[in-house]
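Q: One structure is given below, represented as structure tokens, and several questions about it will come after.
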Amino acid sequence: MPGGTPRLEGHPFSKTGPDPATPGAATMPDSPADVKTQPRSTPPNMPPPPPAVTQGATRHPSFTPSTMMNGSSHSPTAINGAPSTPNGFSNGPATSSSASLSTHQLPPACGARQLSKLKRFLTTLQQFGNDISPEIGERVRTLVLGLVNSTLTIEEFHAKLQEATNFPLRPFVIPFLKANLPLLQRELLHCARMAKQSPAQYLAQHEQLLLDANASSPIDSSELLLEVSESGKRRTPDRTKENGLDRDPLHPEHLSKRPCTMSPAQRYSPSNGLSHPPNGLPHPPGPPPQHYRLEDMAMAHHYRDAYRHADPRERPRPAVHGARQEEVIDHRLTDREWAEEWKHLNNLLNCIMDMVEKTRRSLTVLRRCQEADREELNHWIRRYSDAEDMKKGSPPSARPHNSSSSSEAPQLDVHRDFAPRPLSGYMPEEIWRKAEEAVNEVKRQAMSELQKAVSDAERKAHELITTERAKMERALAEAKRQASEDALTVINQQEDSSESCWNCGRKASETCSGCNTARYCGSFCQHKDWEKHHHVCGQTLQGLPAPSVPTAVGQPEAVPPMASSPSDAGSAGASRAGTPGTPAPLESASR
């Protein structure tokens, strides 16, 4: 693991490999193909190798002591094989060509390996959190994204990670992160620039590129976390794996992953040399392209174009071994980036021009609507003035003389109120006030018309009710008259009958002593029927002599004849005093 005591690691073919320029030299599958063999102790100011051996030497990085990060130094980029990695972990697809951003500081293979280690480290942390619980795994994922996005410092990440997992990390973690995290952040920044996004947006959309469990072989979590029984000491790593002797038949999974360490950007790298095809020397071909990641393909195209069309500002600059040129990459723009910037500026100016044109059209439409509103306001004010003149109702004699003046006055008011004014003195409040007055006048007229309609409807309803009431009263009067006629008919029928009582209709046993015509069943019915009978009693005896009529007790001597008319009957009834007594025949019968 990185972070231990600095030491030199041996590579099977890093010091004494055969010269690739020799035609008859045998080449091992895992040996570098086109890198000139040179000892590790080469000084920084040593002149570059001949062009026949290394193509594009101006971009070839130097092997200075600054390249020994975390105590591990590695060989240059391998073309057809997988260089040995510490702890025997194969880089896999995680050796992204985007790691070549750090080639001005580290050798390409070293930068790619450090990025691969960092990604495996972060992936292992997340898997360890998921093994504890899904909640802790989510918290660890959030902390990792915050660390890569630079929203958390390394110390804050370290403290919060220990708080979330309750496991202390090994001492080498913080130096490892401080040494390798800038590489990952520069890779993220460059990928985000290519995708025209911010680093946070790019990381949110391509999170699987950072935390992909299948991208590389995860590290054992016990190598990152301290155990209680170890008393703060980490276990000794396997020296055979660190020395690259991991090609054991017991580890076939590394052999299956080894062809994927060749990214497209490394195939098109100028350090490969033009004398070799992209697939390299006799080596089994790699897996299909779908095993590469998207960022590998994008970075391959980017660097291929960058090497084909080199920046003319960089051509006269010779390569200075050991010099740091990250500022040039970060702050200087290539012709392609300048073209993109000018394209963005052009689009922005076009958008601004479109907005200005739309604003002008909107102002024109508003001005036309304002003129139409003025005309409609003038129309309503003219109608209002005419209605006011009609309401005032000037005398007929004065109306012809005053009509012209009264019609001119509203026109003058209208022109005075709505005359075209300069834009500076134009008050929208007056327009709104006059518009509200016109609308209120229309409302008042509508309400007056509605009230008139309601009053007319009420009047018609009252008339209809009165007519119906008169009809009902006439019907009731007719019914009463019909009932009285029916009663008289019944009485007449009773008068014709001599055997039934005139009051109740039962069998009669007595006769009225006044007229000797009315028949009753008893004195009760005679008294009950007296109110109706006294009008006709005695009319049949007008031609008879008076002494023949028996007199009753308390009854007058002579009964005056009843008039046939209702007035005579009323006067005759008034002249009679009280109710007649029981006739003599009735008294004799009762005895």
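The backbone N, Cα and C atoms fix where each Cβ goes, and this holds for glycine too.
Here's the feature list from Swiss-Prot:
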REGION    1-105  region 'Disordered'
COMPBIAS  41-52  compositional bias 'Pro residues'
COMPBIAS  55-105  compositional bias 'Polar residues'
DOMAIN    112-207  domain 'TAFH'
REGION    226-291  region 'Disordered'
COMPBIAS  230-256  compositional bias 'Basic and acidic residues'
COMPBIAS  263-274  compositional bias 'Polar residues'
COMPBIAS  279-290  compositional bias 'Pro residues'
REGION    386-420  region 'Disordered'
COMPBIAS  394-410  compositional bias 'Low complexity'
BINDING   CYS501, CYS504, CYS521, CYS525  Zn(2+) 1 binding site
ZN_FING   501-537  zinc finger
BINDING   CYS512, CYS515, HIS533, CYS537  Zn(2+) 2 binding site
REGION    548-591  region 'Disordered'
COMPBIAS  560-585  compositional bias 'Low complexity'
Q: Of the residues in the domain 'TAFH' (112-207), how many are helix, strand and coil by DSSP?
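A: Once the DSSP states are binned, the domain 'TAFH' (112-207) shows 78 helix, 1 strand, 17 coil.
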Q: Apart from CYS501, CYS504, CYS521, CYS525, which residues in this chain have a Cβ no more than 8 Å from the mean position of the Cβ atoms of those residues at the Zn(2+) 1 site?
A: SER500, TRP502, ASN503, GLY505, ARG506, ALA508, TYR520, GLY522, PHE524, ASP529
Q: For the recorded Zn(2+) 2 site, whose residues are CYS512, CYS515, HIS533, CYS537, find every other residue on that chain with a C-beta no more than 8 angstroms from the centre of their C-beta atoms, and list them by sequence position.
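A: Neighbours found: GLY514, THR517, ALA518, HIS534, VAL536, GLY538.
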Q: In DSSP terms, helix, strand or coil for CYS525 (Zn(2+) 1 binding site)?
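A: DSSP call for CYS525 (Zn(2+) 1 binding site): helix.
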Q: For HIS533 (Zn(2+) 2 binding site), just count the other CB atoms lying within 10 A of its CB, please.
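A: Excluding its own Cβ, HIS533 (Zn(2+) 2 binding site) sees 20 Cβ atoms within 10 Å.
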Q: Can you check which residues sit near CYS501 (Zn(2+) 1 binding site), meaning Cβ under 8 Å from its Cβ, same chain, 6 or more apart in sequence, and list them in order?
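A: For CYS501 (Zn(2+) 1 binding site), the qualifying residues are LYS507, ALA508, ARG519, TYR520, CYS521, CYS525.
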Q: Does anything in the same chain, at least 6 positions from CYS504 (Zn(2+) 1 binding site), have a Cβ under 8 Å from its Cβ, and if so what?
A: CYS521, CYS525
Q: Could you give the mean pLDDT over the zinc finger (501-537), rounded to a whole number?
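A: Taking every residue in the zinc finger (501-537) and averaging pLDDT yields 85.
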Q: Can you count helix, strand and coil residues in the zinc finger (501-537) using DSSP?
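A: DSSP composition of the zinc finger (501-537): 10 helix, 5 strand, 22 coil.
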